[in-house]
Amino acid sequence: MKKTNCTHVREFVFQGFSNFQEHQLTLFVVFFVLYILTLAGNVIIVTIIRIDHHLHTPMYFFLSVLSTSETFYSLVIIPRMLGSLVGLSQTISLECCGTQLFFFLGFAITNCLLLAVMGYDRYVAICNPLRYSVIMNWRVCVILASSVGATGFLLSLIQAVAIFRLPFCNTLIEHFFCDVRPILDLACTVPVINDILTLALSLMVITAPATFLFVSYVLIISTILKIASAEGRRKTFATCASHLTVVVIHYGCASIAYFKPKSENTRDQDQLISVTYTVITPLLNPVVYSLRNKEVQDALRKVLGKKSLS
């Protein structure tokens with residue numbers, strides 16, 4: 001339905017967590033603690049991988065890139081959200097909103113594509129181990145990581161430009177950051193082209209990589225099942241368990257957020273989903289890889305052991 005009274009909007013106002021007015025201080029403390037844990041966890045992961053030469057492998061190279069991307073992804077959203085919870089400015093200029101959307105989508109798409117690349121790395125390591133060092137050499141790893149980042153931000157730029165060329169008739173964003181659907185809801189006209197573009201990009205960066213990962217893990221699991229010893233099967237699958245856990249949660253949240261029909265949208269549901277993929281998901285990467293990965297645990301013990309001796 002066409003909206004009327006179109007005005008030249010230059011800034012927006014976040015409605016944020018106004019439905020939870022009496023709990024905003026509690027939310028601030030919870031989100032702040034999770035944010036600090038996310039930053040600390042990802043920094044520790046990157047530092048350990050850089051220090052321990054045993055972790056200088058393609059798998060951990062991609063993990064360090066993912067941790068770095070997750071860190072910046074959190075920085076784009078959470079500090080402003082925390083500020084709004086303690087009464088700081090709820091307004092954001094049109095330009096800053098576009099910038100936030102651009103970087104949010106850029107890092108989010110990069111993370112989705114990185115997880116697919118990490119799945120390919122595991123596929124080559126398990127299904128074609130004799131040629132692993134040739135296929136996944138450092139030049140290939142750098143090219144893959146760079147291509148993923150470039151693709152993520154190119155697609156993000158296309159989406160952001162398409163959205164912010166629209167005229168807006170409302171200034172109240174029923175959300176705590178500039179996400180795609182809340183911004184499109186403020187447009188003066190029904191943004192059919194943008195809805196189609198959003199669906200196309202979602203299929204490209206969520207469905208296509210998820211399908212690729214599904215096929216990869218079918219081949220990986222079939223190869224693991226052919227290993228004669230139970231211990232060998234267990235150790236081989238252990239190298240994939242952390243990645244598979246992150247993949248399921250990451251793509252699950254993204255699919256719910258961007259494929260859920262508009263008719264099913266409620267503000268509280270959208271915020272709960274958004275909190276999951278902006279606050280919880282970035283924390284899962286260091287938690288899962290530190291708790292479930294023996295090599296990372298051993299490297300952390302070595303680092304802590306050296307510090308305690310010095």
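Every residue, even glycine, has its Cβ placed from backbone N, Cα and C.
Just so you know, TrEMBL annotations are computer predictions that nobody has curated.
Within the chain carrying the transmembrane segment (25-48), a Cβ under 8 angstroms from the stretch's Cβ atoms is held by residues 17, 55, 63-64, 67-68, 70-71, 74, 78-79, 81-82, 85-86, 275, 279-280, 282-283, 285-287, 289-290, 296, 299-300, 303, all 6 or more beyond its ends. The annotation transmembrane segment is assigned in TrEMBL to 25-48 (among others).
Mean pLDDT, taken over the domain 'G-protein coupled receptors family 1 profile' (41-289), works out to 87 on the 0 to 100 scale. What TrEMBL records for 41-289 is domain 'G-protein coupled receptors family 1 profile'.
With a cut-off of 8 Å between Cβ atoms, the residues of this chain six or more beyond the transmembrane segment (60-81) that come close are 16, 31, 35, 38-39, 42-43, 45-46, 49-50, 92, 100, 103-104, 107-108, 110-111, 114-115, 117-118, 121, 138, 141, 144-145, 149, 176-177, 278-279, 282, 285-286, 289, 295. The transmembrane segment annotation in TrEMBL covers 60-81 (among others).
The transmembrane segment feature in TrEMBL is assigned to 101-120 (among others). Beyond the ends of the transmembrane segment (101-120), by six or more residues, the same chain brings 59, 62-63, 65-66, 69-70, 72-73, 76-77, 144-145, 148-149, 151-153, 155-157, 159-160, 163-164, 177-180, 183, 201, 205-206, 209, 212-213, 216-217, 243, 246-247, 250-251, 254, 277 to within a C-beta distance below 8 angstroms of the stretch.
The feature transmembrane segment is assigned by TrEMBL to 140-164 (among others).
Per TrEMBL, the feature transmembrane segment maps to 199-225 (among others). Counting same-chain residues at least six beyond the ends of the transmembrane segment (199-225), those with a Cβ under 8 angstroms from any Cβ of the stretch are 109, 112-113, 115-116, 119-120, 122-123, 126-127, 152, 155, 158-159, 233, 236-237, 240, 244, 247, 251, 254-255, 258-259.
Annotated transmembrane segment per TrEMBL: 237-259 (among others), in sequence order. Sequence-distant contacts of the transmembrane segment (237-259) (same chain, six or more residues past either end, CB-CB distance under 8 Å): 59, 108, 111-112, 115, 118-119, 122, 125-126, 180, 198, 202, 206, 209-210, 213, 217, 220-221, 224, 273-274, 276-277, 281, 284-285, 288-289, 292-294.
Residues or ranges marked as transmembrane segment by TrEMBL: 271-291 (among others).
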| request: For the transmembrane segment (271-291), find every same-chain residue at least 6 residues outside the stretch whose CB is under 8 Å from a CB in it, and list them. | output: 17, 31, 34-35, 37-38, 41-42, 44-45, 63, 66-67, 70-71, 73-74, 77-78, 81, 108, 175-177, 179, 242, 245-246, 249-250, 253-254, 256-257, 260, 297, 300
